[in-house]
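Per TrEMBL, the feature region 'Disordered' maps to 1-27. Under the heading compositional bias 'Low complexity', TrEMBL lists 8-25. What TrEMBL lists as repeat 'ANK' is 181-213, 214-246, 247-279, 280-302, 347-379, 380-412, 481-513, 581-613, 615-649, 718-750, 787-819, 820-852. The domain 'FYVE-type' annotation in TrEMBL covers 957-1017.
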Amino acid sequence: MSGTPSISSTTSLAASQQQQQQQTSHVDLLREQHRKLQQRYSALEAQLAASNPETLSSDSLLAALQRTVRSLCKSSLYRCGERAVSDIHVDNSISILNLANDVKEEGLLKYATGFIVSHWQQYERRDFDAVAADLLFRVVKEKTAFALHTAVKLNREDVIFLFLLEHDADLPAVIDQLDDDDETALQIALESEQEKIADTLVQHGAGLNVKNSSGASLLHQSVQKGKLFAAGFLIERGADVTAVDAAGQTPLHIAGATNLANAATALLDANADPNTQDGEGNTPLHCAVKSQSTDTARTLLSCDRIHPDERNAEGHSALWLALSLDSHALAADLVRRGCSVDVTAANGDSMLHDAIRCNKTDAALFLLDHNCAVDVVDEQQRTPLHLAAAAGDDAVVAKLLERGAPANAQDTDMSTPLMAAVTNNKLPVVARLLQTPRIDLETKNTEGRTALGLCVKDDVMDEICYLLLQKGANIDTQLPNGDGLLHDAIRHGRVAAAAFLIDNGADLEAASADNETPLTLCIRHSQPAIATKLCECGANVNRSVEGKATPLLQALRAREEEIASILVRHECDVDITDAETGLTALHKAIADKDEFAALFLMRHGADVNASNNADMETPLHIACSVGIEVMPLITELLRNRADINAQDRHLQTPLHRCLYKSHTDVAANLLVHPKLRPAIRDDEDRTLFGVALHMRQYDICTQLLQINEDAIEERDHNGMTYLHAALAAGAAEDVDVLIKLGVDVNARIDDPSQRIALAIAVERGLEAEAVKLLKAGARHDIPDAMSGWTVAHMAASLNCGLVLDQLIKHGADMNATDFQGDGVLHAAMRAGHEAVVQQLMAEDVDLDPTRTNNAGETALHVLGQFPKQNATRLLELAYTQMKRVLNATDGQGNTALLLAYKNRSMPGAGRLCIALVVNGAQLNIANHQRETCFSVTGKDRRFLFKLLGDLPWEQPWAEGEYCQECNVKFGTRTRRHHCRHCGRVLCDKCSQKKTPIVKFKLDKPVRVCNVCFDLLSGLTS
């Protein structure tokens, strides 16, 4: 059953056969119709030729008849052609094409041509063998713009000939034209080995060196495609064997890459350059080696012009390429034929470098076996041993060492091969290098690290580290910055490395570059695990380097509570003092306001009463100096029984310190402490009340009085109460406060003066305060124990008019005298205070202005002894009440005038003398030493003449036992006389001259002394 066709398939096959028969009948019909028309046309022409020419009017009749016949034929052919169009297909299309051409049926010819063009790919070359040249040429031109190329592909020389004829005028422009496949007609001919056509094209000017759009010449393409015939044809006819394509390759490069040894031979014979380099610097030999074209490589090497060690752009020779491709046989062949094993690239890399770098162990060993150099260096000054060590290639390392490679060579980073092996953790290589007798373990790279330093840096404490130590590596070697390996491991958190170093004897107390111990570095870099290891292995937990805090305090400052606890567990001294400051960690923590650290220390038993060596300050002193910011610490210190009464070097308690620092909020909290002793004095002799008053902390003063009401009357070392001291310092505000607080205003200073506060106020010129004291009940009648002065004396002496006024109002005795008998007026005159004198001379003041002191002196005597610029004004103020004692004498017999005259050189004394004389003071009164104004004058009598000239009236006569001029004693022989002008008592000898005194209305000559005579006679010059 399977071999029997189905009904449907049979029916289909029958229909197909029927259709094919119909198409064949249409074509046969066309041929038959064409044959019959040809016969009829020929018969008609013969009949016409046999006819009598005379029956024909002219030749035009024959021509018309011929046209008619042809028209009838064409019409018939056209109808047949239309029927044939519907029957055309690939199998009969070429037959129809030929038939249409034969019968000259243009419509059918065009259709057949179009059909063939559109179905071109379905035809084979032999299908067109029966097509006439001209017809095929027409079809080809219809099909493509590259008619010549198509004709070559069809192997139709006749069509090619038609093309050449048609384009005779523009042949150079079209003969080398590239088609859509980027090929010339010559290339097509050569690749299809149509030598005759190729020769024809060459003869008509086809180029041998035409390049396609990629820059490849015909020769390039022929070799690339392995077309040896084409290549040979081109070479024989002189194609350029040195031409380069876009990649810079010559045909010889292509031959090398494609393993065309024959082509290479032909090219070399044609003088192709075997050393030409392409765009990547590769020579044909490089290309041959890359493609592992052994035959071509050998062909190239056989050329005596070749340079076998030429390097490409990557710096590689052909030998290296062979090695990189593991073509060791080819490599050996290259070496035997002269390739060098020591070719280096521009950067200095040798093939051995490259082999090691590319992990080509066999290649490296090949080079070493062929005696390559082992000490060559690359750009980084690395030897092959550096690279092999870094790569861990033990076989190559062993071979290099066997060949004498320098084991301690250093690259630009100053690294040795051993360092390279350590850095890359190549244990076998490290072990092998360490077996080398000449290996140096202490060589340092540019980082200043030895091989052990690099090992530690990687924090991989494997067998390599132990190997290095066993071979004598220095575990305490220093880096350039001064750090040891242990310091460096701690800084970078390399726990394993640090533990390794500690366990293997690293110095646990060595100072780092910034003067840190390993333990303090652990604190700074938060490494509790390493800190624990250090403590367990005996690191000094209390050691502090110069200028730095103890490890414990550093840990607390850094908030490394875990490390701080580790230190305490390992018996760290929580009370250790700083060598320079003498401060404990608790002192420093509080001074730094570090509540965290201070509380930690107190929790772990720090001594809350420890004092430093210098200032004897306890932690509570420090806390009170800082103030309210550390109030929680103050509370905690007191809870831990800190001594609130402890005294420092200045004898200050913590509460003293609070007050001096004005931390009143802290002080207010401390005042309620049950063990507080407020009467403790500091070295300024101040109790707490004294400090509070000194610092103007009046609220604290009030609180202290509530604790001890007698505190306000405390005295200092001078015997002064706070009121005395405040007045002495001029602290008016303190005085006001003390008065408000109820201080005893009449308390005496506990010293010889027994002075009261009011006296101090007046003495300091504090009139307002003195008035306040008076109003507060201060007594004004208590004299100074040393001078006897009352407050009134002081006020008068110091020109305290306001105080004096209040004293007068409060009934102070203005006649009170001091121990010298001086009254208040005496004091005022001595000081020269006009306002005070004026106050005292007021009518409502109970004052005896004529009172004398113990020396018999009135206030005028004092004025004469101590004249001021305003002495005349003072005399004027007191004159009314003191004129009756103007000439009174003191205990020495001196009048006020005589005293003033003696002091006439003092400011105001001269004017005072004049004022006294004008107001009736006598010039002729002598004291007990018989001195008068005349006797004390000296040679310059001008001022005396001035006073004599100002005498307002005839002077009362003086009495005495001696002549006031010559001091002769009066007796029976020496009588008394008087000068009628000055009133002096004189002897006869001293008063012989007479003259009228007109101003006294004494017109007749009267007795005068010599001095007055000279004055009255105008002889005063």
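Cβ coordinates come from backbone N, Cα and C, glycine included.
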Beyond the flanks of the repeat 'ANK' (481-513) by at least 6 residues, Cβ under 8 Å: 448, 452-453, 456-461, 465, 469, 475, 519, 521-522, 525, 527, 529-530, 533-534, 537-540, 543, 545
Remote residues contacting the repeat 'ANK' (820-852) - C-beta distance under 8 A, at least 6 residues beyond either end: 788-790, 792-801, 804-805, 808, 814, 858-863, 865-871, 873-874, 877-878, 880-882, 884-885, 888, 890
Surrounding residues of the repeat 'ANK' (247-279) on its own chain - C-beta under 8 Å, 6+ positions past either end: 215, 217, 219-220, 222-224, 226, 228, 231-232, 235, 241, 285-288, 290-291, 293, 295-300, 303, 305-307, 310, 312-313
The repeat 'ANK' (615-649): DSSP-derived helix, strand, coil residue counts: 20 helix, 0 strand, 15 coil
Secondary structure content of the repeat 'ANK' (787-819), with strand meaning DSSP E or B: 16 helix, 0 strand, 17 coil
Outside the repeat 'ANK' (581-613), six or more residues from its ends: residues with CB under 8 Å to it: 549-550, 552-553, 556-557, 559, 561, 564, 568, 574-575, 619-620, 622-623, 625-626, 629-630, 632-633, 636-637, 640-643, 646, 648
Positions on the same chain near the repeat 'ANK' (347-379), where near means CB under 8 A and six or more residues out: 315-317, 319-320, 323-324, 326, 328, 331-332, 335, 341, 385, 387-388, 391, 393, 395-396, 399-400, 403-406, 409, 411
Positions on the same chain near the repeat 'ANK' (718-750), where near means CB under 8 A and six or more residues out: 689-690, 693, 696, 698, 701-702, 705, 712, 756-758, 760-761, 764, 766, 768-769, 772-773, 776-779, 782, 785
Counts by DSSP class (helix H/G/I, strand E/B, coil) across the domain 'FYVE-type' (957-1017): 13 helix, 18 strand, 30 coil
Secondary structure content of the repeat 'ANK' (214-246), with strand meaning DSSP E or B: 16 helix, 1 strand, 16 coil
